[in-house]
Amino acid sequence: MLGSLTPSPPSRCPGLSFPGSPSCLTGAEDGMSQAPGAQPSPPSVYHERQRLELCAVHALNNVLQQQLFTQEAADEICKRLAPDSRLNPHRSLLGTGNYDVNVIMAALQGLGLAAVWWDRRRSLSQLALPQVLGLILNLPSPVSLGLLSLPLRRRHWVALRQVDGVYYNLDSKLRAPEALGDEDGVRTFLAAALAQGLCEVLLVVTKEVEEKGGWLRTD
């Protein structure tokens with residue numbers, strides 16, 4: 001696990017939801033009864049909004065669909081990764097976040113998960129999405145000061161996750177989750193992001209899927 005870290009209590013969804021397992025839903029599962037013949041409630045998609053430079057923390061929680069990590073937990077991982085460094089290379093010098101990929105990978109490993117780099121040279125048709133818990137993208141993002149856009153680009157972590165058969169863009173800078181649709185929809189989104197040339201994609205998978213290479217279609 002994460003050593004001395006104590007993840008925050010789950011906010012809405014008890015337990016991790018892996019591919020093929022039930023998602024966190026609203027309605028009857030929240031103690032609300034439904035009248036016979038009533039339409040099922042829509043899925044409840046967990047989505048954290050941006051605070052400070054904590055997009056890595058938000059992306060982790062959004063891809064896992066519950067609040068498992070905090071800024072304090074991420075800072076503790078940074079200390080474990082560079083215990084003898086006065087200026088920690090894995091986060092912002094100002095202490096506002098801006099965590100690098102090593103923090104994300106260590107956090108996932110602490111939960112028994114793995115992060116696999118997607119080789120952009122491969123065709124997205126080879127991506128076995130049903131075997132992937134979620135995706136975390138690293139994208140260039142514009143910097144703004146109030147209503148003023150600055151001619152700068154920062155790196156930004158974004159989570160994609162499937163809930164009840166629908167893939168969502170869970171970018172913490174969005175006001176609400178953005179539905180991408182089915183597998184074709186998420187492949188279209190990934191193709192557009194990768195076409196920019198500055199996008200990196202991490203596949204969040206179980207250790208078993210990582211070891212067997214199950215995230216890659218061979219047919």
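From the backbone N, Cα and C atoms, a Cβ is placed for every residue, glycine too.
If you look up TrEMBL, you'll see C55, H156, D171 marked as active site. For 42-219, the entry in TrEMBL reads domain 'Josephin'. Marked as region 'Disordered' by TrEMBL: 24-45.
Counted within 10 Å of its Cβ, the other Cβ atoms near D171 (active site) come to 24, all protein chains included. Rounded to a whole number, the C-alpha distance linking H156 (active site) with D171 (active site) is 9 angstrom. D171 (active site) sits 8 Å from C55 (active site), taking the C-alpha atoms as the reference points.
Model confidence over the domain 'Josephin' (42-219) is summarised by a mean pLDDT of 88. Within the same chain, residues at least 6 positions away in sequence whose Cβ sits under 8 Å from that of C55 (active site) are G97, H156, W157, V158, S172, K173.
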